[in-house]
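As annotated by TrEMBL, domain 'HPP transmembrane region' applies to 75-216. TrEMBL lists 106-124, 161-178, 198-216, 236-263, 283-305, 312-331, 431-451, 552-572, 592-612, 633-650, 670-693, 759-777 (among others) with the feature transmembrane segment.
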Amino acid sequence: MGMQLHPSHAHIFNKPLLPRPSLWRYSVSGKCDLNKEIKGLRRKAHYIISSSSASDVATTPFWDHDWAPDQNSKSPSLSDIVWPSAGAFAAMAILGKIDQILAPKGISMTIAPLGAVCAVLFATPSSPGARKYNMFVAQIGCAAIGVLAFAIFGPGWLARSTSLAAALAFMIFTRAVHPPAASLPLLFIDGVKFHHLNFWYTLFPGATGCILLCLIDEGQSLNRWEGYTDWRNRPALRGCHGGVTAAFFVLVVEVLENLAFLANASNLVLYLSKFMHFSPSSSANIVTNFMGTAFLLAILGGFLSDSYLTTYYIYLISATTELLGLLMLTIQAHIPSLKPPVCTSVNRNVSCEEVERGKAVMLFVGLYLVALGVGGIKGSLPPHGAEQFDEHTPHGRKHRSTFFNYYVFSLACGALIAVTFVVWIEDNKGWQWGFGIATATILLSIPVFLLGSATYRIKIPAGSPITTIFKVLTAATYKCWIARKAKNAVNNMSRIQSNTTEISENEEHVKVKEEISKDLKFLNRALETTPTPTWLHCTVNQVEEVKSVIKILPIFMSTIMLNCCLAQLSTFSVQQAATMNTKIGSLRISPASLPVFPVLFILILAPVYNHIINPFFMKLTNTEMGITPLKRIGTGLVLSIIAMTVAALVEMKRKSVATQSGLTDSTKPLPITFVWVALQYLFLGSADLFSLAGMMDFFFTEAPFNMRSLATSLSWASLAMGYYLSSVLVELINCVSGTFSHTPWLYGSNLNHYHLERFYGFMSILSGLNFLHYLFWARRYNYKTSGADNQKEIQMPNVSSDV
């Protein structure tokens, strides 16, 4: 029995199974190449048959591909059905109304071909037949062919067949295939009511009706968000995607995520010192390194969100990763054999047995899986929420700024539950319960996030922003070197290429002058026409994007010292409070619950700032922003200086009480209330409110569109570097102080022997110097104006002075 070639293998040929044009191709000498074609087909058929099992060919029905829906296409959603149908209804309704007006003249607009045009234009907008060129060229040309065929042959089969053949040839020749247009010649030949139009039929009703349909289609296009899709990778629609509802889901998820993270991070230093038996300084460094890594990995999350994946998928992947890490920590905390033996020493100067190597590996793998997940979430969730608002309208920009304020508010809500309820559970019921609650919380955040999927508008990744930055910097450096070598840099600067359409040489020169900024002139060398490899060719837009990134870097560097101060909230400040009286009346408060004071202050101040303080300054300054992001960051820097000064004074008082009461080497609590430590928490919490929301708003707004997630993650990278800087300062101060005194300032297992007051005083001085550095750059920064000119309301002539 002969073997047949299955139709499903036709794609291997890269052409149809029966290539009819090639079978009837003749050579120049007039001899047919049919034998060569048949031999070629036989070779291909033999290859396919030999590489496929006989059962595949015999058991697959012939109707699988042609008589069933496309298995590769996605199931249509409600919007996929409603919008095309609504467009067709509107088109036919309008054409019907026009029919009523033109009825006395015996003209009808509701012709059958226009119904087919609706199907092509609204249901398959990406098909070739929906192209405007194809539509109008085919409509006019085919209508003219019908009129000519009728004039030459009259009514009858000859006119129909000739006009249809000519219409198909015309559409193929002009590369304007538009199937509905093929019916226009037949409609004219058989439609007596159109004969009186003669050659006006080429424009009416076909082409005129298409103009109306295109206007309706453009109206629907205006309803789409350019550069955004929904979660199923379809065009995002105005009114359906984005807005306050979508941002609300993001804020709720952030409450849950931050609860899971801070439930352990705020108390982790005590878990490491009491249960894993690390020294206070080692515990502090482990926590700062863990927190620093978690926040630094936000850059990875932001980079992937901008480049390859979307913020939507980065969050889901990161939440799953954090869930796995928390599960490992929960198991270790629950099983005693995975922890070191319990230490019963009452002397602070006696060290306990640290966790063994294998158990330490499990601890650190769990911690850094959590850090990886937290980094991805911090790098994707804030920009995901901010992208839900339209930056081209004042209303949208206002809502975006409000979102960042309430994002910090959501962080505080999660932190409030973490440092009260969960910390109490950890201290009184066991750490396995604390880790378990965090695990359940991050697990709950995933379905909550998915519930908002239908409302999200998701920015389409635009490729690696790092590649653009590297290309521009490399091109500028290379062309500068070439220019110096050839000594013709001045001549080359006059030949800058523009990425806009060149109308004339003079107009191009004017456009380039308008587009290229005067800042960072060195990067303008990347636009010189010096002979370079193709991959080093840069556009004006790429150069300006890199300039925007470089100009925000000094602001970013100025915030690191602020976050170094914030790092003390989860390290030495907690250990200070652990040595003090933590009772308020008969209620005992865990030292890890100290952040409840700044958290409560944030919960009160964030709505007050958004609804009272900032609107007041908007009216006072007559600007759209009111208090600018840079002013908010500056306020946070000032508060951090005050916080470190207060911390030094409080530590002096605490040590004085320890000495006077003779409890320097005792594990008993000192006769001084831990509320004193709450003062530094209050100032640092206020600094965090002003600085974090200001940084996220500033970096997101000022960054290029395709780098926003990466730029927003700089807010967390600053926090990470602050934690790392804290660890470096501890080691550096111990190294330096150890060479000039008997013991380093921050060394040993007894906090009462530390010189924390000197450390805090040193950080206060560094913070003051950092604030001067920040002022230098902030006063020289010019805010970028959006497409909607978001600074148009600013009345001040010198924007650079508006920090």
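In case you wondered, yes, glycine gets a Cβ from its N, Cα and C as well.
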### Distant-in-sequence neighbours of the transmembrane segment (670-693), which means Cβ under 8 A and at least six residues beyond its ends
404-405, 407-408, 411, 559, 562, 565-566, 568-569, 573, 576-577, 579-582, 584, 589, 591, 594-595, 597-599, 601-602, 605-606, 609, 632-633, 635-637, 639-640, 642-644, 646-647, 650, 653-654, 657-658, 661, 663, 715
#### Entry: Cβ contacts the transmembrane segment (759-777)/the transmembrane segment (552-572), at least three under 8 Å, sequence gap 6 or more
yes
### Query
Using DSSP, how many residues of the domain 'HPP transmembrane region' (75-216) fall into helix, strand and coil, respectively?
116 helix, 0 strand, 26 coil
### Query
Hey, which of 283-305, 312-331, 431-451, 633-650 has the most Cβ-Cβ pairs under 8 Å against the transmembrane segment (552-572)?
633-650
### Task
For the transmembrane segment (283-305), could you work out the same-chain residues 6 or more beyond its ends whose Cβ comes under 8 Å from its Cβ atoms?
261, 265, 268-270, 272-273, 311, 314, 318, 367-368, 370-372, 374-380, 383-384, 461, 464-466, 567, 570-572, 575, 709-717, 719-724, 726-727, 730-731
